[in-house]
Amino acid sequence: GMKRGKKAEEAAAEGENDTASAPSKKAKAAKEPEGPILYDDPPDKMTSKDGRNANMKITSWNVDGLRAWVKKKGLDWVREEDPDILCLQETKCAEKALPAEITSMPEYPHKYWAASGDKEGYSGVAMLCKTEPIKVTYGIGKEEHDKEGRVITAEFPSFYLVTAYVPNASRGLVRLDYRKTWDVDFRAYLSELDMQKPLVLCGDLNVAHQEIDLKNPKGNKKNAGFTPEEREGFSQLLAAGFVDSFRELYPEQTNAYTFWTYMMNARSKNVGWRLDYFVLSSSLLPGLCDSKIRNKAMGSDHCPITLHIAV
């Protein structure tokens, strides 16, 4: 059936095939234990290529359940980070059930919520802003995609901000076909926006683009998030005139991940995936200052990411 055994589960997370190539137990025991290679997010750069100071700070975080994340003191971290705009994904919370700690936050007077229509406690995104956007819309204008609370778009004077929780292809790739349709339609939506104003897309895009973007590429080529189809979908988005801000600034940086499964101590071993992105219209590139991975922040199976930009 669909449920894989523990061994297969570990192979997927570790990306190892359980074949004869594995060293014998004896050889393993004799090896010096290696500490995990962690990514140390460098100090924030606050000026852009063209010499402007960052004037917009955006944070994105897949909170894996907003109510649990609030209980785990996620908002303390947010107040510390103090972005101009906070985007959240996988809130898993109907609007009527949102905790008062977040709905009454005075720092962010302008708050926008999109929840899943059919399935409660599934998907869901939010955008919290210090200054009011010109206009806010929900979904991408296609019925088949807009029932799950996956996209919020806010228009600001000089750019659009889109936050998204991209559909997961799921175990056994049962939703891969749906995901391929989504990728095409979402790209068309973004390209259309981009003709009016440049955009920043942030969120959990549910794909590790290249081998450098996950710890174990070899063992994951047939797993959700690293199939050739999903990777190609992301490549096509970039080809349409968009840029992966982190990779643009740190092309060679390994071990930089934003998601770790809760199983097998993956986070302490840094066996992770980079699934969360700030993707920019190419025309915003001159104003890019920094793209941060805040991997010390706990509270979810994802860590937050932050963008500094001059717009």
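In case you wondered, yes, glycine gets a Cβ from its N, Cα and C as well.
Note that TrEMBL annotation is computational and uncurated.
What TrEMBL lists as active site is Tyr165. According to TrEMBL, the active site, proton donor/acceptor annotation covers Asp204. According to TrEMBL, the feature active site, proton acceptor maps to His302. According to TrEMBL, the Mg(2+) binding site annotation covers Asn62, Glu90, Asp204, Asn206, Asp301, His302. Residues or ranges marked as compositional bias 'Basic and acidic residues' in TrEMBL: 42-52. If you look up TrEMBL, you'll see 60-302 marked as domain 'Endonuclease/exonuclease/phosphatase'. Among the features that TrEMBL reports, region 'Disordered' is placed at 1-52. As annotated by TrEMBL, site 'Transition state stabilizer' applies to Asn206. Taken from TrEMBL, the feature site 'Important for catalytic activity' applies to Asp276. The site 'Interaction with DNA substrate' annotation in TrEMBL covers His302.
Location within the structure of each feature annotated in TrEMBL.
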residue: Asn62; record: Mg(2+) binding site; Cβ within 10 Å: 26
residue: Glu90; record: Mg(2+) binding site; Cβ within 10 Å: 25
residue: Tyr165; record: active site; Cβ within 10 Å: 25
residue: Asp204; record: active site, proton donor/acceptor; Cβ within 10 Å: 27
residue: Asn206; record: Mg(2+) binding site; Cβ within 10 Å: 24
residue: Asp276; record: site 'Important for catalytic activity'; Cβ within 10 Å: 23
residue: Asp301; record: Mg(2+) binding site; Cβ within 10 Å: 18
residue: His302; record: active site, proton acceptor; Cβ within 10 Å: 24
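Within 8 Å of the centroid defined by the CB atoms of Asn62, Glu90, Asp204, Asn206, Asp301, His302, the record's Mg(2+) site, lie the Cβ atoms of Asp64, Gln89, Tyr165, Thr258, Phe259, Leu275, Asp276, Ser300, excluding the listed residues themselves. Cα to Cα, Asp276 (site 'Important for catalytic activity') and Asp204 (active site, proton donor/acceptor) are separated by 4 Å. Distance between Cα atoms for Asn206 (Mg(2+) binding site) and Tyr165 (active site): 8 Å, as a whole number. If you measure from the Cα atom of Asp301 (Mg(2+) binding site) to that of Asp204 (active site, proton donor/acceptor), you get 12 Å.
Shown for the compositional bias 'Basic and acidic residues' (42-52): DSSP residue counts in helix, strand and coil, namely 0 helix, 1 strand, 10 coil. On the backbone, the CA of Asn62 (Mg(2+) binding site) and the CA of His302 (active site, proton acceptor) stand 6 Å apart.
Note: the Cα of Glu90 (Mg(2+) binding site) and the Cα of the residue listed as 'active site' are spaced 7 Å from each other. Per-residue confidence over the domain 'Endonuclease/exonuclease/phosphatase' (60-302) averages out at a pLDDT of 97.
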